[in-house]
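K.L.:
Pasting in a structure now, in structure tokens, and then I'll have a few things to ask.
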Amino acid sequence: MNSSKSPGLAGFGVLKNTTCHTEKKISVFFSIIFMTVGILSNSLAIVILMKAYQRFRQKSKASFLLLASSLVVTDLFGHLINGAIAVFVYASDKDWIRFNQSNILCSVFGICMVFFGLCPLFLGSVMAVERCIGVTKPIFHSTKMTSRHVKMMLTMVCLFAVLIALLPILRFRAYQIQASRTWCFYKTEHVEDWEDRFYLLLFSCLGFLALAISFLCNAVTGITLLRVKFKSQQRQGRSHHFEMIIQLLAIMCVSCICWSPFLVTMARIGINEGRSKETCETILFALRMATWNQILDPWVYILLRKAVLKNLYKITSGCCGVHVINLHMWELSSIKNSLKVAAISESPGGSKQMNLQPLNSMGQ
């Protein structure tokens, strides 16, 4: 049925004419596991961030703490809301006609899927931009990148993600129940209207744009840190540079691997007007891959600490038999190192200029 004319019955045609042969127990198992692991990991990351902010807030603005906190809070609420709705749908035996007569639940589910899908990608790109400015232009970052500016950027990012999620509702286009009958999203079957194609392509393009910005900024940051590490005569901060490079590589790999299948699938459906060969199982697999990005975010950004890198170094050096870095140079964890550098960059006096001179010369 035409969703623009009958939004209350949107998606019911999919329920009658299309089936997705997925086993219920396996699907319920995946939903519960994803939700539980995501809630636990993000909750742990929030606790660590709160303790770090309580300890170091007098020393630095710690803009990266605000961005990281926003990221893990967004991921946490995404797992709570989307996971709770998915479990309710499974518990109701996926009988949408019985509990979704007015299509309100499907609309809420679709809005949450779009918002909590795009917002972490946007936040990741903002973190990459902020980190790139902090490394290449430290003086500008310490004087201009205040907590007020960071909060303004966070507000703009959230409002933009909300606007994209509400766009179909504002255009009187209801979100559709997907073929698996377990989630709601843009129309992905029998896409004939240009507006339905536009939503799919818009979602994919924004996601790829966020990944491209993150990749570009992280590449610039990584190259700058490597140049400082190998050309600078000062030994201070080398462990921090090593940690940052590892984190940047992990961020890029996790984001690209987890989100690329889903974004490519949605783009192909939009380009082929819904006549692509993606099956229901393929779309569900791509969706679960994207969900793993929200599960791994806190571990990549916050919990990838000195102890983990030490163990990786020992395993690598044991296999290769090569001594690459002096482990005695590790002094602080990744969070403490980041806060220490931020505090030094914002402190007045000669130490500020001395510590920022290598990075500033590279940024020029």
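Backbone N, Cα and C atoms are what each Cβ position is placed from, and that goes for glycine too.
Remember, predicted model here, so these are calculated numbers, not experimental data.
As annotated in TrEMBL:
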DOMAIN    41-301  domain 'G-protein coupled receptors family 1 profile'
TRANSMEM  26-50  transmembrane segment
TRANSMEM  62-90  transmembrane segment
TRANSMEM  102-129  transmembrane segment
TRANSMEM  150-170  transmembrane segment
TRANSMEM  198-226  transmembrane segment
TRANSMEM  246-271  transmembrane segment
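Please go over these features one by one and say how buried each is and what sits next to it.
P.N.:
Long-range Cβ contacts of the transmembrane segment (62-90) within its own chain (Cβ-Cβ under 8 Å, at least 6 residues beyond either end) map to 24, 27-28, 31-32, 34-35, 38-39, 42-43, 45-46, 49-50, 52-53, 56, 96, 105, 108-109, 112-113, 116, 119-120, 123-124, 126-127, 130-131, 134, 145-147, 149-151, 154, 181-183, 294-295, 297-298, 301-302, 338-339, 342.
Outside the transmembrane segment (102-129) by six or more residues, the chain places 7-11, 64, 67-68, 70-71, 74-75, 77-78, 81-82, 85, 96, 153-154, 157-158, 160-162, 164-166, 168-169, 174-177, 183-186, 203, 206-207, 209-211, 213-214, 216-218, 221, 251, 255, 259, 290, 293-294, 297, 301 with a CB less than 8 A from a CB of the stretch.
With a threshold of 8 Å between CB atoms, the same-chain residues lying at least 6 positions outside the transmembrane segment (150-170) that come near it are 61, 63, 66-67, 70, 107, 110-112, 114-115, 118-119, 122-123, 126, 130, 186, 199, 202-203, 206.
A Cβ distance under 8 Å defines the sequence-distant neighbours of the transmembrane segment (198-226), meaning residues of its chain 6+ beyond its ends; these are 114, 117-118, 121-122, 124-125, 127-129, 131-132, 135-136, 164, 167-168, 173, 186-188, 191, 241, 244-245, 248-249, 251-252, 255-256, 259-260, 263-264, 266-267, 269-271, 359, 362-363.
Within the chain carrying the transmembrane segment (246-271), a Cβ under 8 angstroms from the stretch's Cβ atoms is held by residues 121, 124, 128, 131, 186, 188, 191, 197-201, 203-205, 207-208, 211, 214-215, 218, 221-222, 278, 282-283, 285-287, 289-290, 292-293, 296-297, 300-301, 304, 309, 334, all 6 or more beyond its ends.
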K.L.:
Where else in the chain does the transmembrane segment (26-50) make close Cβ contacts, counting only residues six or more beyond its ends and a cut-off under 8 Å?
P.N.:
65, 68-69, 72-73, 75-76, 78-80, 82-84, 86-87, 90, 180, 182, 284, 288, 291-292, 294-299, 301-303, 335
